[in-house]
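As given in Swiss-Prot:
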DOMAIN    489-748  domain 'Protein kinase'
DOMAIN    823-953  domain 'Guanylate cyclase'
CARBOHYD  ASN32  N-linked glycosylation site
CARBOHYD  ASN75  N-linked glycosylation site
CARBOHYD  ASN79  N-linked glycosylation site
CARBOHYD  ASN179  N-linked glycosylation site
CARBOHYD  ASN188  N-linked glycosylation site
CARBOHYD  ASN195  N-linked glycosylation site
CARBOHYD  ASN284  N-linked glycosylation site
CARBOHYD  ASN307  N-linked glycosylation site
CARBOHYD  ASN345  N-linked glycosylation site
CARBOHYD  ASN402  N-linked glycosylation site
SIGNAL    1-19  signal peptide
TRANSMEM  434-454  transmembrane segment
Amino acid sequence: MTSLLGLAVRLLLFQPALMVFWASQVRQNCRNGSYEISVLMMDNSAYKEPMQNLREAVEEGLDIVRKRLREADLNVTVNATFIYSDGLIHKSGDCRSSTCEGLDLLREITRDHKMGCALMGPSCTYSTFQMYLDTELNYPMISAGSYGLSCDYKETLTRILPPARKLMYFLVDFWKVNNASFKPFSWNSSYVYKNGSEPEDCFWYLNALEAGVSYFSEVLNFKDVLRRSEQFQEILTGHNRKSNVIVMCGTPESFYDVKGDLQVAEDTVVILVDLFSNHYFEENTTAPEYMDNVLVLTLPSEQSTSNTSVAERFSSGRSDFSLAYLEGTLLFGHMLQTFLENGENVTGPKFARAFRNLTFQGFAGPVTLDDSGDIDNIMSLLYVSLDTRKYKVLMKYDTHKNKTIPVAENPNFIWKNHKLPNDVPGLGPQILMIAVFTLTGILVVLLLIALLVLRKYRRDHALRQKKWSHIPSENIFPLETNETNHISLKIDDDRRRDTIQRVRQCKYDKKKVILKDLKHSDGNFSEKQKIDLNKLLQSDYYNLTKFYGTVKLDTRIFGVVEYCERGSLREVLNDTISYPDGTFMDWEFKISVLNDIAKGMSYLHSSKIEVHGRLKSTNCVVDSRMVVKITDFGCNSILPPKKDLWTAPEHLRQATISQKGDVYSFAIIAQEIILRKETFYTLSCRDHNEKIFRVENSYGKPFRPDLFLETADEKELEVYLLVKSCWEEDPEKRPDFKKIESTLAKIFGLFHDQKNESYMDTLIRRLQLYSRNLEHLVEERTQLYKAERDRADHLNFMLLPRLVVKSLKEKGIVEPELYEEVTIYFSDIVGFTTICKYSTPMEVVDMLNDIYKSFDQIVDHHDVYKVETIGDAYVVASGLPMRNGNRHAVDISKMALDILSFIGTFELEHLPGLPVWIRIGVHSGPCAAGVVGIKMPRYCLFGDTVNTASRMESTGLPLRIHMSSSTITILKRTDCQFLYEVRGETYLKGRGTETTYWLTGMKDQEYNLPSPPTVENQQRLQTEFSDMIVSALQKRQASGKKSRRPTRVASYKKGFLEYMQLNNSDHDSTYF
């Protein structure tokens, strides 16, 4: 475990260096007329070729490259740098342990500045795949090996030896042949012998055939892997086998080692893959008798030894592996010459991706690379001629054209009648002939009876097909309010808003149903539509929603369909709260969901409906038992399908539907389930319409969503490979839903380590996890609710008195109350209207905000309640809503003194030097209070005391606290010694003449009160206030201060600014 952790740390630390070393190293070793190729010399037992031979092959290739460059008048230097693995820490013993070795060699290249224009090697699949997985290889890599499927379709990888994919395509094509003179039957079964000790090429060839979701496995009805020689011998000689065909990889000697001296059954065919042996074509080669039942797949001799010099140079201890290194060097020289002649840059990404879809002159003749950078060959299938005991060509396979070409007309091999046997034991031409004659006789007898029965059946069936259930509208009932909720833990339900607009939930026959709009107004369906509705009515399966019939409501026709409480699968995937990844949406559940969809589609394809046509995640719904059901099927004649992200490319080009198109839609849904992201999620494209366009108009590599195969483990990789096979561009390569269903069952067994756990056991275990997660979720939501409640209470307490808020929460109403004695405070700003005339709206708002914020801080230090602000008026009361004895007059008086002290030090920001004067009026008396209104409720005061307090303020003087005699009387009853002066008789509108007072301070406390203006100052202010404001504005401009410019609104027009101010005729204190 420690070593694995260390390896992971090394890879993480090393990876950034690999991503950036290309830009610096290539400029040193691939420019200014000097070009190098870096050759990785990894010593392991998988390839028995001495490294010295490989080096000699590369150097010989460089000699040829230099010669060709000179002939092309290109005066450049071409060399090779050989990097050996002698000093590596993770030196491998064979290819299956060389994962770290390739990365270590890359690090050595980076450190020693040896990286050239291209990289030769490694040859091991594991090492090559790991390098592409952990690094960004922005340079061409040429490999003499890397046969595995995991190395397919790499943008910068070129393979000089045939990969496993090419072999697999040949076997599939050969199995399908049924029109050759020597092979009248197509094969659908096979055994694969793989014991794990094969050489590197055989290991990956057989691994591709063994894979459960490979192309070879998909086209076969039966395939089994034999891993022990005893199993191989039993199949080779026994009668209890399921196929006559066995595929293995190796040499004739390795076949004999496994077979021994056992007698092979006459109808057995062994396909021996031995691509790199040349002795089959030698003149002195005689086939042994144990090879009679063997067909050998190899590369023909002209591909590797047609050149006399090649035969001479590679006959002494060398192999096709050495030739591959030489050919790779020639390929590098060919591309270098091409780019230099065209004046193009050999260090850019174009050069890295140019090693494909071309033909160059190799050492043994022309060499062709396909559009994936893999070599194309002509493979030969050989048989043993009983006449000459020589190997002869039976068929040839062109990997470039993907075409099998029969060569032999009447091959004299061991099988009867010069024909290969059937792959199924016991079936052959003779047995088939007997079966045909027997069945013909029976059919003739039954045919006459069937014709009579068929005629009557067709007549009855035609009448029955046109009938369907039309439900009277009286049988459809709306749901109660408490029945419309769906199963979810999400607090908000906005995500279902659009769905509710499209579908209607009702009740039919005591069951919840959904009304699906059929876009039909009169209900006069055509004959074809009636037949489709009848098929819908007859469909009844566990993973399909039930169709009950049609109903006419108002002027529209609806389909009545079974309702599933948890909504669509797309909604479930979006709801990460109700269905978290750690419990419900784990891999087992995802596979169960895929299996439910596959079962439903498998039944649908085998039913009379035959095809869905609109399969997508929004048409897969989940019921209360977490069973996924398919809906919205069978109405293609009524609701034709539309183009969307789930539509197969062939149906985007032509508006049709097919079962293979449903398989493609299943793959898109599977990608949604696996990644739990948006539909057709891909990092390379986010636009919906562009995705559809790129799928419809695929050029080269088809456009598909992301799957992130790099992060998948072995079990998850099986699911990913299944998904990729389902969205193949060629519909014929996609599996059917029966195959998908069986593959998912095998994958589900892998996640349980082959344990026999039923679906109910899995569901119960998942519900237990879900219950524990729900407890934590409820606790978390409770904490969030309490925090939100406290915030709401705090806001309510800022708007209404605390007692009023509690009464509203507990009773829902607030009873109005009469208070015998309270004190009310009024104040306003002198000259407010004149200030507004010379100020912008934002300056007025800022001024009032600065003043009121300071007033509010003062109010918080006294037992008073701020009632409201009206323009420049500020209203405060004490003694309500909580009574406080005689303290109400004391608290209002102290607050008034504090406010007046603050005003003495306050200065307007936008009018520096301008004095701010306020008038304050205070009165005590009885008052009524209560909450008025429903929208924006306010705690309002009513009574003559409120009006009198307002009159006290309006008849007062600037920087003075004007108090009524009732307030002074209350103050005298307290222990507080306030200082006041008698103003004299003052006329109060509505009350007549009363004696009023000026509050000037307290004996035991100092207040920094501003000096009230004299009568002369007041008169001067009335006449010169506008001039003082203009002078303050000029002073602000001279000092360089800028006021904040307000954002103009639509209601602002040219002319003077206007301000809204609440004012009555009696309250004229803001005017002089």
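Any Cβ shown, glycine's included, is placed from N, Cα and C.
ASN75 (N-linked glycosylation site) sits 16 Å from ASN345 (N-linked glycosylation site), counting Cα to Cα.
Rounded to the nearest whole angstrom, the C-alpha distance between ASN32 (N-linked glycosylation site) and ASN179 (N-linked glycosylation site) is 59. Cβ packing within 10 Å was compared across the glycosylation sites ASN32, ASN75, ASN179, ASN188, ASN284, and the lowest neighbour count falls to ASN284. Considering other CB atoms within 10 Å as the measure, the emptiest surroundings among the glycosylation sites ASN79, ASN195 are those of ASN79.
When the alpha carbons of ASN345 (N-linked glycosylation site) and ASN79 (N-linked glycosylation site) are compared, the span between them is 18 angstrom. A straight line from the CA of ASN195 (N-linked glycosylation site) to the CA of ASN188 (N-linked glycosylation site) spans 23 Å. With respect to ASN79 (N-linked glycosylation site), the closest of these glycosylation sites in Cα terms is ASN402, chosen from ASN179, ASN188, ASN284, ASN402. The domain 'Guanylate cyclase' (823-953) scores a mean pLDDT of 87 in the predicted structure.
Ranking the glycosylation sites ASN345, ASN402 by other CB atoms within 10 A of the CB puts ASN345 at the bottom. ASN284 (N-linked glycosylation site) sits 33 Å from ASN402 (N-linked glycosylation site), taking the C-alpha atoms as the reference points.
Counting in whole angstrom, ASN402 (N-linked glycosylation site) lies 17 from ASN179 (N-linked glycosylation site) by their C-alpha atoms.
Mapped onto DSSP helix, strand and coil, the domain 'Guanylate cyclase' (823-953) counts 54 helix, 39 strand, 38 coil.
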